[in-house]
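**Q** Below is the structure I would like to discuss, written out as structure tokens.
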């Protein structure tokens, strides 16, 4: 089992006298900047232009500056701009101002693992990957808790990169829950795999296909939505809170029997084989190459995919079901 690092295993000492530049002020950027500042660290916010994020940062009490100015004044640079933008920000706004002994920090390993960013050997490169969205990272921290995180070291020029990674994790609140050490390779490949075959791709497609099967068989769309999509939250919540065994204990005997038999029929060895093929594409770098090419063309697959989902019957029915659910929600 992996070692879990908690508060007592980490100290802010390795970074307490450092100036930290947070590049980006979106979901994760805002949470990181606020949590690091509230932990007593000196934080600068670096942005590409004076847009909405600039105004939000100002309203939060920061004095945002252009990215290159933040880099020039900092010891630690944290990349919290979108994955597909990072290499351009690094090349144009960060690399020209890097000094020996600086730190480059990432929340996801994509750009380092696939060599879209190749830092000089004279800087530390490490990662802290919170296992939750930015608003939750901030909310849990503000309430005295924390979201778990993964940490990894790619380059250890100073000999203290891991200690600094733990320090930032502590400042984010992650060590209040638990931090697990990984590698850039492992985090990147497992994260992409989970998104594609499970969280964003697999489960979404499974629910939509199940809905379509019922509707095509003549069942009312509203009933089909309840049975194949809406109730997913209840099952996932049970798994999150009690594990698979706890979830199974909470459902009926009929549901368990049907699940054990039909589940393995639908998600069979052929599906597992295809999952392995998806993993092979991720590990070989083919997915990254394809995604970069797609992005450079304006991401037509994303544009068309979003249009198809937005106009689908299940999305239309879902809006109606959510309205019904909201009407029945108790007033707080």
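Using the three backbone atoms N, Cα and C, a Cβ is placed for every residue, glycine included.
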**Q** For the NADP(+) site that Swiss-Prot lists with 25, 26, 27, 28, 83, 84, 85, 86, 134, give the additional residue from the candidates 53, 252, 284, 312.
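**A** Answer, per Swiss-Prot (NADP(+) site with 25, 26, 27, 28, 83, 84, 85, 86, 134), from 53, 252, 284, 312: 53.
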**Q** Looking only at DSSP and grouping its letters into three states, which state does residue 231 (Mg(2+) 2 binding site) belong to?
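**A** Coil, per DSSP.
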**Q** C-alpha of residue 86 (NADP(+) binding site) to C-alpha of residue 195 (Mg(2+) 1 binding site): distance in Å?
**A** 20
**Q** Considering the binding-site residues 191, 231, which residue's Cβ sits among the greatest number of other Cβ atoms within 10 Å?
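**A** For the binding-site residues 191, 231, the Cβ with the most other Cβ atoms within 10 Å is 191.
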**Q** Output the one of 27, 53, 86, 252 that, of all these binding-site residues, has the highest number of other Cβ atoms within 10 Å of its Cβ.
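**A** Answer by Cβ density within 10 Å: 86.
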**Q** What are the sequence-distant neighbours of residue 108 (active site), meaning same chain, six or more residues apart, C-beta distance under 8 angstroms?
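**A** Counting only residues 6 or more apart in sequence, the Cβ neighbours of residue 108 (active site) under 8 Å are 83, 127, 129, 187, 188, 191.
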